[in-house]
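What TrEMBL says about this one:
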TRANSMEM  B:12-29  transmembrane segment
TRANSMEM  B:35-54  transmembrane segment
TRANSMEM  B:66-85  transmembrane segment
TRANSMEM  B:91-110  transmembrane segment
TRANSMEM  B:164-182  transmembrane segment
TRANSMEM  B:213-231  transmembrane segment
TRANSMEM  B:251-274  transmembrane segment
TRANSMEM  B:294-315  transmembrane segment
Amino acid sequence: MTADILLQVLVSGLLIGLIYALVAVGLTLIYGVMDIVNFAHGEFLMLGMYASFWAFTLFHVDPVIALPITAVLLFGVGIVVYQTVIRRVLKAPMLSQIFATFGLMILLRGLAQFFWKPDHRLIPDSLVSGNIALGPVQFGLPQVIAALGAVGVTGALWFFLHRTRLGTALEATAIDREAATLMGIDGQKMFALAWGIGAACAGLAGGLIATFFPIFPEVGSNFILIAFVVVVLGGFGSVTGAFLAGIIVGLIEVLGGFLIGPEYKTAIVLSLLLIVLLVRPKGLMGKA
Amino acid sequence: MSNRTVLDPRKALGAVALLAFALLLPLGITDPARLNFFILILMGAQLGVAWNIVGGYAGQVSLGHAVFYGIGAYCSTMLALSLGLSPWIGMLAGGLLAVVFALVMGWPCFRLKGHYFAMATIAVAEIVQILVTNSEFLEGAVGLSLPLDRSGLAAMVFLSKLPYYYIILGLLVVTVLVAWAIERSHIGYYFRAIKDEPEAARALGVSLTRYKLIALSVSAFLTAVGGSFYAQKEMFIDPGSVFVGAISIKIALVAILGGVGTLMGPVLGAVILITIEEYSRTLFGSTGSGTDMIIYAMMIILVAVFSPAGVMGLLQDLRRHLPGAGKTSETR
Amino acid sequence: MRFMVGKAKGQRSATRRQVITRFVATAALMATTALTGVMFGSSGARAEDEIRIGVIYPLTGAAASTGVELKAAAELAAAMVNKEIAAPDGLTVAAGLPGLKGAKIKLIFGDHQGNPQVGATEAERLITSEKVVALTGAYFSNVTATASQVAERYGVPFLNAESSSASLTQRNFKWFFRTTPHDDLFVTNFFTFLEDMEKKTGKELRTLGLFNENTLWGNETTKLQVRLSDERKFKIAEKIIYPAKTTQMTSEVQRLKAANPAVIMQSSYLGDAILSMKTYKELGFSPSMLLANDAGFNDSEFLKTLGKDGEYIISREVWALDQAERNPLIKKVNDLMRERSGVNFNGNSARSFTGIAVLADALNRAGSTKPEDIRKALQETNIPGSGLIMPWKGIKFDASGQNELGQGIIVQVQGGQYVTVWPTEVATKPIVFPMPAWDKR
Amino acid sequence: MNTPPLLAVDGLGKAFDGLVANRDISFIIHHAEIVGLIGPNGAGKTTLFNCLAGFHTPTTGRIAFEGHDITGTTPEAAAELGIARTFQIVRIFHSMTALENVMVGAMLRTKRVADARHRAEQELAFVGLSHRAETPASSLTVSEQKRLEVARALATDPKLILLDEVMAGLNQTEVREASQLVVRIHQRGIASIIVEHVMEGIMPIAHRMLVLDYGAKIADGTPAEIAENPAVIAAYLGE
């Protein structure tokens with residue numbers, strides 16, 4: 001019995017952890033390329049969820065099928081945000097950048113409420129609804145699909161960054177902007193690309209969790225703190241770090257909540273973050 | 001003594017005029033809601049100036065100042081409720097408790113740099129919020145209410161808004177004076193040196209930890225005092241109103257909007273931010289369509305995009321470029 | 001990569017063009033500031049015979065969807081009082097305001113964003129700038145606490161229609177009135193209901209799993225539940241206070257599942273209510289009874305969102321649509337509501353509607369807009385149950401300002417509807433018990 | 001005379017994650033001595049400076065300053081004792097004026113702002129930047145910024161100053177001025193160690209030269225001796 005519960009808790013933690021990882025990789029990518037912390041990242045997630053919701057409601061396209069569309073849409077949103085706002089604060093001090101993305105966060109929430117009402121919505125019957133039981137362990141199919149999707153997207157991102165020309169250029173910009181510019185890489189283009197990809201990752205995460213999570217304008221605020229924790233724990237700018245940290249955070253959160261008390265689950269995760277930072281001031285895989 | 005250390009008479013005159021204006025302002029206001037509006041501005045300004053000491057001058061961006069604010073609010077309220085202590089004493093006690101907390105938290109956190117430091121401050125503040133929310137001793141999420149029946153100067157509870165106005169004006173003046181004194185002393189120079197080039201500062205004998213801790217402690221003390229004032233004004237506090245991240249962000253926003261590292265920037269920032277916030281809400285908030293948030297957000301983004309140095313930076317740019325303006329006596 | 005990217009380095013001397021752009025930006029900012037500043041004094045001319053009532057709700061932020069619904073209900077009540085819409089006879093609001101020579105009421109809305117300080121600020125603004133004669137709101141108990149504090153200071157009546165924290169009426173306030181029953185009563189009802197159920201079904205329902213959210217409301221509810229289960233010999237198998245606005249509830253549900261109580265008592269706002277239901281299903285956890293504490297579980301969105309997964313939950317309520325079957329008055333009012341705003345009433349909006357009705361009744365009897373007169377009239381309120389759309393015995397305030405005649409009902413979701421199942425005298429359908437397991441539906 | 005030398009370095013080594021930057025370096029610096037420290041790029045000159053000024057903790061060996069062991073000390077303690085330094089890539093306080101930059105240095109010895117200002121004005125005059133006192137430090141030319149760093153370091157009242165490539169990128173007139181500046185520092189009784197690639201700037205004024213290659217000291221002698229040392233020639237030619 002106890003072993004069963006433990007196993008169940010670990011599986012649940014792993015599933016949610018993979019989703020945290022997916023939300024966080026976009027955030028960490030943007031940070032890695034241009035040293036900007038995007039406070040509006042949770043809102044990209046929210047937009048991704050709404051994109052799935054409308055695709056389902058208006059065109060009866062299942063969120064899972066709509067994922068590519070969601071990704072493309074959010075890629076566009078990321079580019080637009082970059083071109084209209086971020087590009088203009090590139091040279092500003094860190095505080096102005098925080099200010100700008102914070103404003104963006106409020107703006108996107110406001111717009112969502114304006115256009116789509118503050119209501120909570122849910123996609124009632126996705127393709128992937130239902131449950132699977134594996135021996136004593138139960139899990140929701142949506143969660144499993146979302147977790148698998150998270151692995152897939154993160155893997156694809158890793159492949160893109162390390163095995164394609166464009167991705168390598170992006171990675172080069174992340175490592176040394178000036179050197180990359182000297183090598184003929186267009187920095188502006190890379191930044192825009194980072195925002196596009198970052199937003200698309202958040203959008204994909206949104207599309208994947210839209211199958212089981214309520215959708216509302218403020219939904220980003222549920223995820224953003226955890227996403228920050230994952231990014232910092234993994235080390236700002238490290239995609240692999242964020243992936244690992246996401247899983248760790250998911251496991252610790254669910255396990256800690258189960259063992260110590262759910263009211264402290266966030267505190268447990270945050271304490272872990274502080275402890276790790278004390279030992280490794282740049283996170284688990286942060287670049288020195 | 002070099003003549004430059006003497007007060008610039010024009011600035012002194014300006015300060016006196018500003019203070020006189022602030023002192024006389026309530027005389028022309030009969031409407032308590034409008035007076036309340038000015039109190040909110042002064043509260044925002046006081047917190048902004050306090051944050052600016054560590055976040056602006058010393059360049060250590062804290063996004064967890066709500067923890068000090070909450071400590072101040074809870075400390076004075078608990079002392080008043082359990083021991084019947086006057087909030088004036090509670091305010092000082094809250095400030096000191098915040099200093100102790102700042103030292104404990106700063107010691108490890110100051111090993112971190114930049115965004116890592118900022119994130120650590122968020123984490124600390126969130127943890128404290130969770131602990132307070134689950135603390136039986138502090139009444140958890142239920143919060144603490146101050147009784148209405150004990151009013152008067154000693155209890156710092158008033159039926160009229162006017163005493164609150166003057167108290168917070170007094171606190172703001174004290175806070176600005178502290179910031180001013182720091183700015184002019186060697187500590188202020190050290191703060192700016194640490195912000196600009198920490199390594200170079202060390203090579204000149206500046207202990208980073210020591211001066212960062214000084215900055216955080218002073219800032220924490222003043223922020224806690226602001227928290228105690230909030231408790232006295234609203235007479236009800238709960239973790240959700242004094243320990244939340246939104247407070248931390250707002251405190252920083254006030255300073256950033258006005259211009260970090262300038263003495264009066266946060267005051268200007270508070271005037272603008274609170275005005276936009278209050279009036280976008282009263283004018284558009286009642287529609288329930290989120291318009292107020294949209295307007296508020298647009299303002300924030302515009303300032304961030306067009307004026308990275310805050311409104312104060314804009315004003316200085318203008319002064320430098322406008323023909324016939326006085327030669328730049330600005331030293332920064 | 002360095003952290004500040006050397007951007008702050010080297011004071012960039014702005015070019016003239018940049019300065020001009022920035023100047024324009026500053027000017028625009030300053031102008032907006034000044035403009036809003038000018039606007040705050042002038043709240044515009046107002047008609048003489050217009051009675052202004054301040055209404056404070058969460059119109060933006062996490063609870064905005066509820067706030068918007070409450071607003072619609074309050075507006076409907078006001079329209080009826082003002083005879084813009086014909087109200088069914090017999091209803092209190094149908095009387096209008098003859099005592100004030102047919103004056104009209106005007107609702108002035110304030111948005112508290114779920115923030116207690118904003119609630120207080122809005123209360124103050126409504127009282128002093130908007131010159132409202134009475135206030136109502138604020139849904140969230142902690143906002144009601146600060147907003148009513150302001151009303152108390154100014155000597156303006158504050159009628160609370162939908163906050164259920166017991167402590168609100170324990171503050172010895174002179175100007176505070178509450179129409180809705182509070183948590184003490186609701187929680188007591190839970191236990192009485194469980195005892196009734198035990199008698200009826202012969203099954204033991206003595207082990208409880210408390211599952212409450214972590215704000216004022218959830219905390220107070222937990223305390224009451226613990227106290228009552230002691231008094232009435234129930235056993236608490238698990239007590240969980242969870243942080244609201246969470247990303248996952250796996251640990252919580254897992255603990256409940258491990259403790260395996262007969263009854264789950266849950267207090268959640270909408271988002272968490274939906275997420276917890278999803279998690280129950282995901283982990284295949286079906287207690288024999290899920291006894292919810294209103295709020296999220298009774299929100300119009302709850303069933304719309306969850307569809308058949310929301311079936312069979314039992315919730316305490318103050319109102320249910322099936323009451324219309326018993327009372328045609330309720331049906332008529334609900335039809336009007338649906339016509340106007342496209343949604344049915346629910347427990348929250350029905351209470352908001354009632355709040356405005358009670359204020360209008362008091363204004364009418366006071367025959368004056370002086371706060372003191374309104375307060376006296378409120379104290380003397382005596383509305384029979386037949387004049388309300390609530391399943392209450394009526395409205396009559398005790399010395400603390402609490403309505404003595406309110407009562408709660410218990411509803412169950414059956415066939416996509418909330419049907420009243422308790423108390424028996426107002427029940428419309430028998431209860432389905434135990435709750436079917438997820439895989440047997 | 002039995003007074004200890006100003007600086008005595010004995011068997012100093014420094015490795016980063018196994019990568020050896022300094023190995024077994026020993027030397028002595030006397031009061032008011034001008035010592036040139038040269039070597040090919042990557043020879044470990046800056047690492048040595050960082051160890052001396054307390055920025056790195058040596059992996060092995062000892063450093064004694066006026067007879068006191070200061071191995072592994074902090075930069076601020078080193079400054080307190082009288083070791084000042086400049087940086088290879090200038091690190092001026094860009095939000096301050098030239099004068100204020102130097103004042104921060106002077107504040108090590110006096111916390112009174114007016115006194116610090118007075119001292120700073122003297123040091124600015126010493127390096128010939130008086131006319132730029134009120135200029136924002138970020139608007140100074142690179143050559144001026146380098147001199148500003150020297151003034152700032154001198155304001156801390158050091159006994160030893162570590163100058164890291166103060167002559168790099170300067171034109172011939174400026175190099176001559178910089179050399180004269182070093183001599184004037186010497187005349188004030190302050191010892192200096194100068195990392196320099198500009199040989200015509202350092203050779204004429206140095207009392208002694210230290211040469212590093214691959215982290216180790218390969219020569220120690222007068223400029224004339226160094227110029228003919230086969231190991232030194234090999235190190236430079238082999239580069």
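Glycine is no exception: its Cβ is also placed from the backbone N, Cα and C atoms.
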What stretch in B:66-85, B:251-274, B:294-315 has the biggest tally of Cβ pairs under 8 Å against the transmembrane segment (B:213-231)?
B:66-85
Any contact, the transmembrane segment (B:251-274) to the transmembrane segment (B:35-54), with at least 3 Cβ pairs under 8 A:
yes
Folded-back contacts onto the transmembrane segment (B:164-182), same chain, C-beta under 8 angstroms, at least six residues removed
19, 22-23, 26, 35, 38-39, 42-43, 45-46, 49-50, 52-53, 57, 156, 158, 188, 191, 218, 222, 225-226, 229, 232-233, 263-264, 267
State the residues, same chain only, that lie 6 or more residues beyond the ends of the transmembrane segment (B:294-315) and have a CB under 8 A from a CB inside it; answer 'none' if no residue qualifies.
253, 255-260, 262, 264-265, 268-269, 272, 276-277, 280-281, 284
Same-chain residues near the transmembrane segment (B:66-85), Cβ under 8 Å, at least 6 residues beyond its ends:
47, 91, 93-95, 97-98, 101-102, 105, 121, 124-125, 128-129, 132, 138, 144, 146, 155, 219-221, 223-228, 230-232, 237, 239, 242-248, 251
